[in-house]
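Report on one structure; see the data block that follows.
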Amino acid sequence: MTAIQNFFKTFFLTELLKGLALTGRYTFQRKVTVQFPEEKTPISPRFRGLHALRRYENGEERCIACKLCEAVCPALAITIESETRADNTRRTTRYDIDLTKCIFCGFCEESCPVDSIVETHILEYHGEKRGDLYFTKDMLLAVGDRYETEIAANKAADAPYR
């Protein structure tokens, strides 16, 4: 009996007609698709995108070379080298993040005691070569300087949940 039913379903194209009816029903309804490059959807305040290093208001970089972010990184994407200055404070001489290894978990941001390393809302970045996704200290500081107002606003919005 089922073989005969299957024959008539396929012979009279009932599945095809059901699919066309469904398509026709949704053709004239409001669209939910976003045309991405031209339209942007709202981003969560907790979105984790491109990394940035922040500075204090006086221009000095925040990183104290505690290396907690390097230790907590599960992907081993962060490399830090530091030196002790004349006033017995440590500062980084090298701070590199390999974004080809990074899984954007946010552990580096959570472990930083001085809020030096942050993940911004920047999601549109690319590289033509693998080396283009290897961010050095100067590149990370440049991102932080450029987007400091946005970073500070996002930190303030997220403050009640931290």
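Just so you know, glycine gets a Cβ as well, placed from its N, Cα and C.
Note that this is a predicted model, so its numbers are computed, not measured.
Taken from Swiss-Prot as is:
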- 54-83: domain '4Fe-4S ferredoxin-type 1' (DOMAIN)
- C63, C66, C69, C112: [4Fe-4S] cluster 1 binding site (BINDING)
- C73, C102, C105, C108: [4Fe-4S] cluster 2 binding site (BINDING)
- 93-122: domain '4Fe-4S ferredoxin-type 2' (DOMAIN)
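A map of Swiss-Prot features onto the structure.
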| residue | record | DSSP class |
| --- | --- | --- |
| C63 | [4Fe-4S] cluster 1 binding site | coil |
| C69 | [4Fe-4S] cluster 1 binding site | helix |
| C102 | [4Fe-4S] cluster 2 binding site | coil |
| C108 | [4Fe-4S] cluster 2 binding site | helix |
Remark   = A correct count of other C-beta atoms within 10 Å of the C-beta of C73 ([4Fe-4S] cluster 2 binding site) gives 19
Query = Hey, how far is C66 ([4Fe-4S] cluster 1 binding site) from C108 ([4Fe-4S] cluster 2 binding site), Cα to Cα, in Å?
reply = 12
Note = With neighbours defined as other CB atoms within 10 A, the best-packed of the binding-site residues C66, C69, C105 is C69
Key: Candidates C63, C69, C112 (binding-site residues) - the one closest to C105 ([4Fe-4S] cluster 2 binding site) by CA   = C69
Message = Beyond the listed site residues C73, C102, C105, C108, identify every same-chain residue whose Cβ lies within 8 Å of the center of their Cβ atoms for the [4Fe-4S] cluster 2 site.
response = C69, V72, P74, A75, A77, I78, I97, I103, F104, G106, F107
Candidates C73, C102, C108 (binding-site residues) - the one closest to C63 ([4Fe-4S] cluster 1 binding site) by CA = C108
Ask   = Whole-number Å distance between the CA of C108 ([4Fe-4S] cluster 2 binding site) and the CA of C69 ([4Fe-4S] cluster 1 binding site)?
value = 4
Task = To the nearest whole angstrom, state the Cα distance for the pair C112 ([4Fe-4S] cluster 1 binding site) and C102 ([4Fe-4S] cluster 2 binding site).
result = 17
